[in-house]
Amino acid sequence: MKAIIVLLMVVTSNADRICTGITSSNSPHVVKTATQGEVNVTGVIPLTTTPTKSHFANLKGTKTRGKLCPNCLNCTDLDVALGRPKCMGTIPSAKASILHEVKPVTSGCFPIMHDRTKIRQLPNLLRGYENIRLSTRNVINAERAPGGPYIIGTSGSCPNVTNGNGFFATMAWAVPKDNKTATNPLTVEVPYICTKGEDQITVWGFHSDTETQMVKLYGDSKPQKFTSSANGVTTHYVSQIGGFPNQTEDGGLPQSGRIVVDYMVQKPGKTGTIVYQRGVLLPQKVWCASGRSKVIKGSLPLIGEADCLHEKYGGLNKSKPYYTGEHAKAIGNCPIWVKTPLKLANGTKYRPPAKLLKERGFFGAIAGFLEGGWEGMIAGWHGYTSHGAHGVAVAADLKSTQEAINKITKNLNSLSELEVKNLQRLSGAMDELHNEILELDEKVDDLRADTISSQIELAVLLSNEGIINSEDEHLLALERKLKKMLGPSAVDIGNGCFETKHKCNQTCLDRIAAGTFNAGEFSLPTFDSLNITAASLNDDGLDNHTILLYYSTAASSLAVTLMIAIFIVYMVSRDNVSCSICL
């Protein structure tokens, strides 16, 4: 006879735990924050560069002016500005200009006293305009000016295109024709003759020489007085009689006399005046200028193109929003100078890899994400970890990481806006001081740069603070997302961890990270299937009744034994029974 006994064994599985976590990194970087000082992070975005010196170049996307008149050979920019006979040419329009002459000279024309007037500024003033043209007609009739008639003087040291005696096109050397006598101050009005609403730059001056030459030319050996006035700006001069070295300061031809040259800027419709005595250089052709061209000290030739022109470093291509090193004026799409290197956090706080189960124990590993990070979050900063019989599984939450990246991008954009505002502020200051572009107070400029540098550094510190502090925000969002997905299939045990009622291996965790997790799918195998075992009993002389008798006897004996043991324990606990053990 054969009997079958069916044994039902229910095998339950150990629960897994899922936690939110942060990635780890083996190459920490350091950023500065507003309140935490220096903090190690998993990644940074360098915001500064230290440039090296290079040649000057043309600014990208705009016309850059080197020499005022590129086609005027053997001419300085001052020659062009004064209208030297052999230096008459077209000045091309430009949005940017290079101040390449440290000390302007006239290159063989009449010697000028550079230390007496604003003559050095004249070429620089013209460089500051985008469009520059010389008028086709004279602003006044010099021959018939008050105190005349005059002969228009020329000089062999200022030859014209035919190598005859000549003089500057912007001025007429008014030498009395017949009445070579002393005169009281005379006044001439200078009208506005530009036709396109431009600024009118009117050049004028006076001649000084030895007493002998002054009497010969003008009939008066005494110092002469001169005054110019335009737009509320008045300038006074008294001529010097004699005492000039034979060799000119600019290396030109030997001369006993000198000329002093000045200019005045007349706004549209405004009339200027010149009060003069003998030896006056009356204005003739005038410059009509419009638009703005940014000016910077540099050198020629211009080679290639660059984003930025920097007085100390030459042509720069902008790779970072800020730079460290030597501060100086710059034009174009330039980085802003800051005192120290700046870095923006591009990741999370640095955490060493969390220890695994065998090193720290089960509950130690669960808490690992609080003080350590998890390796394996490919392309992600925040994510999930699963701990169980399968070991440790890790998956990145790319959406959360993207949100963190978006916040960093927003911080970068905010810093860029701050950069643009500061650049506009600097440009505005440059425009306001346009007419004295070479006279900017370096101390004031450095103070402005220091202030802007401090503002930018503080903005970066605050940005880093916000990025690092946002980790808690991202982890809390992940925790809410995880709790919603797990639903009733898990129990919240705190600290961003959940104990599941089912297994959660790498596949399960990947689906959670991807947002495709279905609790029902993984909850089905919470209990293993019933294991049904068939026991075959052979006929060896025992009948069914005998077997049942043995089974019932054993079960009854076990029940009685348990009851007696429980009774003894109860009596001992009530002190009704004592037990002594003797050896």
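Cβ from N, Cα, C; glycine included.
Features of the protein shown, as given by Swiss-Prot:
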TOPO_DOM  16-551  topological domain 'Extracellular'
CARBOHYD  ASN40  N-linked glycosylation site
CARBOHYD  ASN74  N-linked glycosylation site
DISULFID  CYS75-CYS87  disulfide bond
DISULFID  CYS109-CYS158  disulfide bond
CARBOHYD  ASN160  N-linked glycosylation site
CARBOHYD  ASN179  N-linked glycosylation site
CARBOHYD  ASN246  N-linked glycosylation site
CARBOHYD  ASN317  N-linked glycosylation site
CARBOHYD  ASN346  N-linked glycosylation site
DISULFID  CYS504-CYS508  disulfide bond
CARBOHYD  ASN505  N-linked glycosylation site
CARBOHYD  ASN531  N-linked glycosylation site
CARBOHYD  ASN544  N-linked glycosylation site
TOPO_DOM  573-583  topological domain 'Cytoplasmic'
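A map of Swiss-Prot features onto the structure.
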residue: ASN40; record: N-linked glycosylation site; CB count, 10 Å: 12
residue: ASN74; record: N-linked glycosylation site; CB count, 10 Å: 9
residue: CYS87; record: disulfide bond; CB count, 10 Å: 24
residue: CYS109; record: disulfide bond; CB count, 10 Å: 28
residue: CYS158; record: disulfide bond; CB count, 10 Å: 22
residue: ASN160; record: N-linked glycosylation site; CB count, 10 Å: 15
residue: ASN317; record: N-linked glycosylation site; CB count, 10 Å: 14
residue: ASN346; record: N-linked glycosylation site; CB count, 10 Å: 22
residue: CYS504; record: disulfide bond; CB count, 10 Å: 26
residue: ASN505; record: N-linked glycosylation site; CB count, 10 Å: 15
Item checked: Spatial neighbour of ASN505 (N-linked glycosylation site) that is closest, considering only the recorded positions ASN40, ASN74, CYS75, CYS158, ASN179 and their CA atoms -> ASN40
Notebook entry, point to check: Looking at the disulfide-bonded residues CYS75, CYS508, which one has the fewest other Cβ atoms within 10 Å of its own Cβ?
Noted result: CYS75
Checklist line | Secondary structure of CYS75 (disulfide bond) (DSSP, helix/strand/coil) | finding: coil
Next item on the list: Taking the Cβ of ASN179 (N-linked glycosylation site) as the reference point, list residues of the same chain whose Cβ is under 8 angstroms away and which are at least six residues distant in sequence.
Entry: GLY147, GLY219
Checklist line | Cα separation, CYS504 (disulfide bond) to CYS158 (disulfide bond) (Å, whole number) | finding: 96
Next item on the list: Check the topological domain 'Extracellular' (16-551) for me and report the mean pLDDT.
Entry: 80
Notebook entry, point to check: For CYS504 (disulfide bond), which of the recorded positions ASN40, CYS75, CYS109, ASN160 has the nearest Cα in space?
Noted result: ASN40
Check: What's the CA to CA span in angstrom from ASN74 (N-linked glycosylation site) over to CYS87 (disulfide bond)?
Finding: 8
Note to self: In the three-state scheme derived from DSSP, which category covers CYS87 (disulfide bond)?
What the structure shows: helix
Notebook entry, point to check: Between CYS508 (disulfide bond) and ASN40 (N-linked glycosylation site), how far is it from one CA atom to the other, in Å?
Noted result: 32
Item checked: Between ASN160 (N-linked glycosylation site) and CYS109 (disulfide bond): CA-CA distance (Å) -> 10
Next item on the list: Work through the glycosylation sites one by one (ASN40, ASN160, ASN317, ASN346) and name whichever has its CA nearest to the CA of CYS75 (disulfide bond).
Entry: ASN160
Notebook entry, point to check: Restricting the comparison to the recorded positions ASN40, CYS87, ASN160, ASN346, which residue's C-alpha is spatially nearest the C-alpha of ASN317 (N-linked glycosylation site)?
Noted result: ASN346
